[in-house]
Amino acid sequence: MIHKKNYLLLLLLSFVLILSSLAVPQIQVEAASVNYKVVNTNSLNLRTGAGVQYKIIAKLKKNTVVTQTSKKGKWFKVKVGSKTGYVSSSYLKKVVAQVSQPSTNKNIGKFYSVSVASLNIRSTSSATSTKLAVARFGDQFTIKAQAANGWYKVEYSPGKFGWISNNYGYTTVKKDNVYPAGTIFGPLSGRIITVDAGHGGSQAGAQYFGVKEKDLNLKAAKTLQKELVKNGAKVVMTRTTDQTLTLEKRVSISKAAKSDAFISVHHNVSNKKSEKGYLALYTKQSEKTFTNYLFKALHKPVGAVSDVPAEQYRYQNLFVLRESPIIGTLMEYGYMNLKNELNAINTNSYRQAMAVGISAGVANYFKKY
Ligand SMILES: [Zn+2]
(Lines of atoms letter the chains of each structure in order from A and count residues from 1; the text may use other names and numbers.)
(Lines give C-alpha, C1' and ligand atoms only; values in the text may rest on other atoms or scores of the structure.)
Protein backbone atom coordinates (compact mmCIF):
# COMPACT_ATOMS: atom_id res chain seq x y z
CA MET A 1 0.00 0.00 0.00
CA ILE A 2 1.11 3.51 -0.79
CA HIS A 3 0.55 6.54 1.40
CA LYS A 4 -0.76 9.59 -0.35
CA LYS A 5 2.48 11.45 0.39
CA ASN A 6 4.55 8.62 -1.08
CA TYR A 7 2.25 8.44 -4.07
CA LEU A 8 2.89 12.10 -4.84
CA LEU A 9 6.60 11.54 -4.46
CA LEU A 10 6.43 8.61 -6.85
CA LEU A 11 4.49 10.69 -9.34
CA LEU A 12 7.09 13.44 -9.12
CA LEU A 13 9.90 10.91 -9.48
CA SER A 14 8.42 9.33 -12.58
CA PHE A 15 7.86 12.78 -14.04
CA VAL A 16 11.57 13.59 -13.48
CA LEU A 17 12.48 10.25 -15.04
CA ILE A 18 10.43 10.94 -18.15
CA LEU A 19 11.95 14.41 -18.45
CA SER A 20 15.50 13.14 -18.06
CA SER A 21 14.95 10.40 -20.61
CA LEU A 22 13.81 13.07 -23.06
CA ALA A 23 16.96 15.05 -22.34
CA VAL A 24 19.26 12.10 -23.14
CA PRO A 25 20.86 12.78 -26.49
CA GLN A 26 19.55 10.52 -29.17
CA ILE A 27 21.96 7.98 -30.51
CA GLN A 28 22.08 8.27 -34.23
CA VAL A 29 22.01 4.96 -36.03
CA GLU A 30 23.35 5.11 -39.53
CA ALA A 31 22.28 2.43 -41.97
CA ALA A 32 25.52 2.80 -43.87
CA SER A 33 28.63 4.89 -43.42
CA VAL A 34 28.72 8.08 -45.44
CA ASN A 35 31.68 9.84 -46.98
CA TYR A 36 32.35 13.53 -46.56
CA LYS A 37 35.19 15.72 -47.68
CA VAL A 38 36.89 18.57 -45.87
CA VAL A 39 35.84 21.96 -47.24
CA ASN A 40 36.36 25.68 -46.41
CA THR A 41 39.55 25.07 -44.43
CA ASN A 42 43.09 23.96 -45.19
CA SER A 43 43.41 22.26 -41.82
CA LEU A 44 40.58 20.58 -39.93
CA ASN A 45 41.29 19.27 -36.44
CA LEU A 46 40.50 15.60 -35.80
CA ARG A 47 39.88 15.32 -32.03
CA THR A 48 39.50 12.57 -29.43
CA GLY A 49 36.01 13.81 -28.47
CA ALA A 50 33.05 15.88 -29.64
CA GLY A 51 34.22 19.36 -28.64
CA VAL A 52 37.07 21.83 -29.00
CA GLN A 53 38.32 20.94 -25.52
CA TYR A 54 39.41 17.50 -26.71
CA LYS A 55 42.93 16.62 -27.82
CA ILE A 56 43.89 16.98 -31.50
CA ILE A 57 44.84 13.66 -33.10
CA ALA A 58 45.51 14.91 -36.61
CA LYS A 59 45.04 17.87 -38.94
CA LEU A 60 43.10 17.04 -42.08
CA LYS A 61 43.94 18.83 -45.31
CA LYS A 62 41.27 20.37 -47.51
CA ASN A 63 39.55 17.74 -49.69
CA THR A 64 40.51 14.85 -47.42
CA VAL A 65 37.73 12.27 -47.57
CA VAL A 66 36.42 10.97 -44.23
CA THR A 67 33.84 8.30 -43.44
CA GLN A 68 31.21 9.31 -40.90
CA THR A 69 30.22 6.54 -38.49
CA SER A 70 27.99 8.47 -36.04
CA LYS A 71 27.25 11.99 -34.86
CA LYS A 72 26.90 13.98 -31.66
CA GLY A 73 25.23 17.32 -32.29
CA LYS A 74 27.39 19.30 -34.67
CA TRP A 75 30.27 16.84 -34.26
CA PHE A 76 30.76 13.84 -36.53
CA LYS A 77 32.63 10.75 -35.49
CA VAL A 78 34.72 9.83 -38.54
CA LYS A 79 37.25 7.36 -39.82
CA VAL A 80 40.20 8.67 -41.81
CA GLY A 81 42.48 5.89 -43.00
CA SER A 82 43.47 4.08 -39.79
CA LYS A 83 42.47 6.97 -37.50
CA THR A 84 39.11 7.55 -35.79
CA GLY A 85 38.06 10.79 -34.11
CA TYR A 86 35.64 13.72 -34.09
CA VAL A 87 35.47 16.70 -36.42
CA SER A 88 33.17 19.71 -36.62
CA SER A 89 30.56 19.01 -39.30
CA SER A 90 30.60 22.68 -40.37
CA TYR A 91 33.65 21.89 -42.49
CA LEU A 92 32.31 18.76 -44.16
CA LYS A 93 30.50 18.27 -47.43
CA LYS A 94 28.79 15.03 -48.37
CA VAL A 95 30.44 13.33 -51.32
CA VAL A 96 28.83 9.94 -51.40
CA ALA A 97 26.80 8.68 -54.26
CA GLN A 98 25.71 5.12 -54.81
CA VAL A 99 28.29 3.07 -56.63
CA SER A 100 26.58 1.21 -59.40
CA GLN A 101 27.23 -2.38 -60.36
CA PRO A 102 28.09 -2.25 -64.05
CA SER A 103 28.56 -6.00 -64.42
CA THR A 104 25.15 -7.05 -63.17
CA ASN A 105 22.79 -4.50 -64.61
CA LYS A 106 22.37 -2.21 -67.56
CA ASN A 107 22.26 0.85 -65.34
CA ILE A 108 25.98 1.59 -65.54
CA GLY A 109 25.79 4.83 -63.62
CA LYS A 110 26.04 8.27 -65.08
CA PHE A 111 29.51 9.41 -64.20
CA TYR A 112 33.01 7.96 -64.19
CA SER A 113 35.66 9.34 -61.79
CA VAL A 114 39.32 8.62 -62.51
CA SER A 115 41.29 7.28 -59.52
CA VAL A 116 44.77 6.97 -61.03
CA ALA A 117 47.22 9.81 -61.68
CA SER A 118 46.67 9.71 -65.42
CA LEU A 119 44.57 7.67 -67.81
CA ASN A 120 44.49 7.79 -71.61
CA ILE A 121 41.31 8.55 -73.52
CA ARG A 122 41.35 6.72 -76.84
CA SER A 123 39.53 6.67 -80.16
CA THR A 124 38.06 3.16 -79.66
CA SER A 125 37.62 0.78 -76.70
CA SER A 126 41.12 -0.61 -77.14
CA ALA A 127 44.42 0.20 -75.43
CA THR A 128 46.16 0.21 -78.82
CA SER A 129 43.88 2.74 -80.51
CA THR A 130 44.79 6.39 -81.03
CA LYS A 131 45.29 8.46 -77.88
CA LEU A 132 43.01 11.50 -77.89
CA ALA A 133 43.62 13.02 -74.47
CA VAL A 134 44.82 12.27 -70.94
CA ALA A 135 42.48 12.21 -67.94
CA ARG A 136 43.84 13.06 -64.46
CA PHE A 137 43.05 11.85 -60.94
CA GLY A 138 39.68 13.24 -59.86
CA ASP A 139 38.47 13.99 -63.40
CA GLN A 140 34.82 13.09 -63.86
CA PHE A 141 33.08 12.28 -67.12
CA THR A 142 29.53 11.64 -68.23
CA ILE A 143 29.22 8.06 -69.47
CA LYS A 144 27.65 7.83 -72.91
CA ALA A 145 27.96 4.09 -73.57
CA GLN A 146 29.78 0.96 -72.48
CA ALA A 147 31.69 -1.43 -74.77
CA ALA A 148 31.60 -5.22 -74.43
CA ASN A 149 35.05 -5.17 -72.79
CA GLY A 150 33.80 -2.74 -70.13
CA TRP A 151 35.34 0.48 -71.47
CA TYR A 152 33.24 3.65 -71.28
CA LYS A 153 32.53 6.11 -74.01
CA VAL A 154 32.82 9.56 -72.45
CA GLU A 155 32.50 13.17 -73.45
CA TYR A 156 35.99 14.34 -72.45
CA SER A 157 35.49 17.92 -73.53
CA PRO A 158 32.39 19.61 -74.91
CA GLY A 159 31.41 17.86 -78.14
CA LYS A 160 34.45 15.54 -78.08
CA PHE A 161 34.04 11.82 -77.42
CA GLY A 162 36.49 9.05 -76.62
CA TRP A 163 36.88 5.73 -74.83
CA ILE A 164 38.41 5.12 -71.41
CA SER A 165 39.24 1.93 -69.48
CA ASN A 166 36.74 1.07 -66.74
CA ASN A 167 39.45 -0.42 -64.49
CA TYR A 168 40.91 2.78 -63.04
CA GLY A 169 38.04 4.64 -61.44
CA TYR A 170 34.56 4.69 -59.95
CA THR A 171 31.12 5.01 -61.49
CA THR A 172 28.55 7.13 -59.69
CA VAL A 173 24.95 8.14 -60.25
CA LYS A 174 25.55 11.68 -59.02
CA LYS A 175 28.24 14.05 -60.17
CA ASP A 176 30.30 13.69 -57.03
CA ASN A 177 33.51 11.90 -56.30
CA VAL A 178 33.56 8.62 -54.45
CA TYR A 179 36.95 7.96 -52.95
CA PRO A 180 38.01 5.87 -49.96
CA ALA A 181 38.30 7.49 -46.54
CA GLY A 182 41.64 9.24 -46.16
CA THR A 183 41.99 10.13 -49.85
CA ILE A 184 43.81 13.42 -50.24
CA PHE A 185 43.37 15.42 -53.42
CA GLY A 186 46.76 16.92 -54.12
CA PRO A 187 49.36 17.27 -56.85
CA LEU A 188 50.53 13.69 -56.24
CA SER A 189 47.11 12.00 -55.99
CA GLY A 190 47.13 8.66 -57.77
CA ARG A 191 50.93 8.39 -57.67
CA ILE A 192 52.85 5.64 -55.90
CA ILE A 193 56.27 6.65 -54.62
CA THR A 194 58.76 4.28 -52.99
CA VAL A 195 61.00 5.94 -50.42
CA ASP A 196 64.17 4.06 -49.58
CA ALA A 197 66.12 4.83 -46.41
CA GLY A 198 69.68 3.82 -47.32
CA HIS A 199 71.61 1.19 -45.31
CA GLY A 200 70.14 -0.05 -41.99
CA GLY A 201 70.66 -2.84 -39.47
CA SER A 202 74.19 -4.26 -39.72
CA GLN A 203 75.03 -1.71 -42.44
CA ALA A 204 75.55 1.61 -40.70
CA GLY A 205 76.75 3.49 -43.79
CA ALA A 206 78.94 6.49 -43.00
CA GLN A 207 79.69 7.32 -39.38
CA TYR A 208 81.03 10.65 -38.11
CA PHE A 209 80.98 12.46 -34.78
CA GLY A 210 78.97 9.62 -33.22
CA VAL A 211 76.22 9.85 -35.85
CA LYS A 212 75.36 6.88 -38.10
CA GLU A 213 74.19 7.46 -41.64
CA LYS A 214 71.53 4.70 -41.41
CA ASP A 215 69.78 6.62 -38.60
CA LEU A 216 69.88 9.96 -40.43
CA ASN A 217 68.57 8.26 -43.58
CA LEU A 218 65.62 6.72 -41.74
CA LYS A 219 64.64 9.99 -40.06
CA ALA A 220 64.86 11.88 -43.36
CA ALA A 221 62.94 9.15 -45.22
CA LYS A 222 60.09 9.30 -42.67
CA THR A 223 59.89 13.09 -43.00
CA LEU A 224 59.78 12.71 -46.79
CA GLN A 225 57.07 10.04 -46.50
CA LYS A 226 54.83 12.42 -44.52
CA GLU A 227 55.31 15.26 -47.00
CA LEU A 228 54.55 13.08 -50.03
CA VAL A 229 51.42 11.68 -48.35
CA LYS A 230 50.31 15.24 -47.54
CA ASN A 231 50.45 15.94 -51.26
CA GLY A 232 48.26 12.98 -52.13
CA ALA A 233 50.83 10.28 -52.96
CA LYS A 234 50.68 6.70 -51.79
CA VAL A 235 54.09 6.03 -50.25
CA VAL A 236 55.79 2.67 -49.91
CA MET A 237 58.78 2.51 -47.54
CA THR A 238 61.56 -0.04 -48.10
CA ARG A 239 62.20 0.05 -44.35
CA THR A 240 60.64 1.82 -41.38
CA THR A 241 62.94 0.38 -38.70
CA ASP A 242 66.68 -0.23 -38.21
CA GLN A 243 66.66 -3.26 -40.48
CA THR A 244 69.26 -4.86 -42.75
CA LEU A 245 68.03 -4.87 -46.34
CA THR A 246 69.76 -5.99 -49.55
CA LEU A 247 69.85 -3.73 -52.58
CA GLU A 248 67.91 -6.40 -54.52
CA LYS A 249 65.13 -6.29 -51.91
CA ARG A 250 64.84 -2.49 -52.18
CA VAL A 251 64.40 -2.80 -55.94
CA SER A 252 61.87 -5.63 -55.64
CA ILE A 253 59.75 -3.68 -53.10
CA SER A 254 59.59 -0.74 -55.48
CA LYS A 255 58.72 -2.98 -58.45
CA ALA A 256 56.07 -4.95 -56.54
CA ALA A 257 54.38 -1.69 -55.51
CA LYS A 258 54.24 -0.63 -59.20
CA SER A 259 55.85 2.64 -58.17
CA ASP A 260 55.80 5.69 -60.35
CA ALA A 261 59.10 6.80 -58.83
CA PHE A 262 61.79 5.64 -56.40
CA ILE A 263 63.70 7.96 -54.08
CA SER A 264 66.66 6.71 -52.09
CA VAL A 265 67.75 8.84 -49.15
CA HIS A 266 71.45 8.99 -48.18
CA HIS A 267 74.00 11.21 -46.46
CA ASN A 268 77.39 11.75 -48.04
CA VAL A 269 81.07 11.46 -47.19
CA SER A 270 84.15 12.80 -48.95
CA ASN A 271 87.86 12.91 -48.26
CA LYS A 272 88.01 16.29 -49.99
CA LYS A 273 87.14 19.11 -47.62
CA SER A 274 86.04 21.24 -50.59
CA GLU A 275 83.00 19.04 -51.32
CA LYS A 276 79.89 20.43 -49.68
CA GLY A 277 76.14 20.41 -50.05
CA TYR A 278 73.32 18.25 -51.29
CA LEU A 279 73.58 16.12 -54.38
CA ALA A 280 71.08 14.31 -56.61
CA LEU A 281 72.21 11.24 -58.55
CA TYR A 282 70.70 9.38 -61.49
CA THR A 283 71.81 6.26 -63.36
CA LYS A 284 69.41 5.60 -66.23
CA GLN A 285 69.21 8.20 -68.99
CA SER A 286 65.43 8.32 -68.37
CA GLU A 287 66.12 9.60 -64.85
CA LYS A 288 68.15 12.63 -65.85
CA THR A 289 65.27 15.08 -66.26
CA PHE A 290 63.46 13.70 -63.21
CA THR A 291 66.57 14.14 -61.07
CA ASN A 292 67.10 17.66 -62.36
CA TYR A 293 63.50 18.54 -61.39
CA LEU A 294 64.08 17.31 -57.84
CA PHE A 295 67.44 19.05 -57.53
CA LYS A 296 66.10 22.41 -58.81
CA ALA A 297 63.12 22.31 -56.44
CA LEU A 298 65.40 22.01 -53.38
CA HIS A 299 67.16 25.38 -53.68
CA LYS A 300 64.36 27.58 -52.35
CA PRO A 301 63.14 25.57 -49.32
CA VAL A 302 66.62 24.43 -48.29
CA GLY A 303 68.10 27.91 -48.77
CA ALA A 304 65.43 29.27 -46.45
CA VAL A 305 66.53 27.13 -43.49
CA SER A 306 70.28 26.57 -43.98
CA ASP A 307 73.51 27.61 -45.67
CA VAL A 308 74.02 24.10 -47.06
CA PRO A 309 74.87 24.66 -50.74
CA ALA A 310 73.43 22.94 -53.80
CA GLU A 311 76.32 20.83 -55.07
CA GLN A 312 75.09 19.31 -58.32
CA TYR A 313 72.99 16.65 -59.98
CA ARG A 314 74.91 14.08 -61.97
CA TYR A 315 75.25 10.55 -63.25
CA GLN A 316 76.51 7.73 -61.03
CA ASN A 317 76.20 3.99 -61.65
CA LEU A 318 74.00 2.88 -58.73
CA PHE A 319 72.51 -0.59 -58.26
CA VAL A 320 69.11 0.53 -56.91
CA LEU A 321 68.57 2.74 -59.96
CA ARG A 322 70.30 0.64 -62.62
CA GLU A 323 68.52 -2.63 -61.74
CA SER A 324 65.03 -1.14 -61.67
CA PRO A 325 62.73 -0.17 -64.56
CA ILE A 326 61.27 2.60 -62.36
CA ILE A 327 62.65 6.13 -62.60
CA GLY A 328 64.45 7.25 -59.50
CA THR A 329 66.93 9.50 -57.80
CA LEU A 330 69.45 8.89 -55.06
CA MET A 331 69.51 11.95 -52.88
CA GLU A 332 72.62 12.76 -50.82
CA TYR A 333 71.40 15.21 -48.17
CA GLY A 334 74.85 16.62 -47.31
CA TYR A 335 78.32 15.74 -46.00
CA MET A 336 78.61 14.05 -42.64
CA ASN A 337 82.39 14.43 -42.46
CA LEU A 338 82.07 18.23 -42.15
CA LYS A 339 81.08 19.04 -38.57
CA ASN A 340 79.27 22.28 -39.52
CA GLU A 341 77.36 20.65 -42.34
CA LEU A 342 76.42 17.65 -40.20
CA ASN A 343 75.04 20.03 -37.55
CA ALA A 344 72.95 21.78 -40.18
CA ILE A 345 71.61 18.68 -41.94
CA ASN A 346 70.86 16.71 -38.77
CA THR A 347 67.88 18.93 -37.90
CA ASN A 348 64.14 18.54 -38.37
CA SER A 349 63.92 21.85 -40.22
CA TYR A 350 66.50 20.72 -42.80
CA ARG A 351 64.82 17.33 -43.25
CA GLN A 352 61.47 19.07 -43.71
CA ALA A 353 62.90 21.55 -46.24
CA MET A 354 64.43 18.69 -48.26
CA ALA A 355 61.09 16.84 -48.13
CA VAL A 356 59.17 19.90 -49.34
CA GLY A 357 61.63 20.38 -52.21
CA ILE A 358 61.66 16.73 -53.29
CA SER A 359 57.88 16.54 -53.11
CA ALA A 360 57.49 19.70 -55.21
CA GLY A 361 60.05 18.41 -57.71
CA VAL A 362 58.20 15.11 -58.13
CA ALA A 363 54.87 16.94 -58.54
CA ASN A 364 56.32 19.36 -61.11
CA TYR A 365 57.84 16.50 -63.07
CA PHE A 366 54.61 14.51 -63.22
CA LYS A 367 52.64 17.59 -64.19
CA LYS A 368 54.76 17.75 -67.33
CA TYR A 369 55.62 14.09 -68.07
ZN1 LIG B 1 74.76 5.93 -48.06
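The backbone N, Cα and C atoms fix where each Cβ goes, glycine too.
Just so you know, TrEMBL annotations are computer predictions that nobody has curated.
Annotation comment: TrEMBL describes 33-96, 109-173 as domain 'SH3b'. Feature annotation from TrEMBL assigns signal peptide to 1-23.
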Rounded mean pLDDT within the domain 'SH3b' (109-173) lands at 90
Using DSSP three-state counts, the residues of the domain 'SH3b' (109-173) come to 0 helix, 37 strand, 28 coil
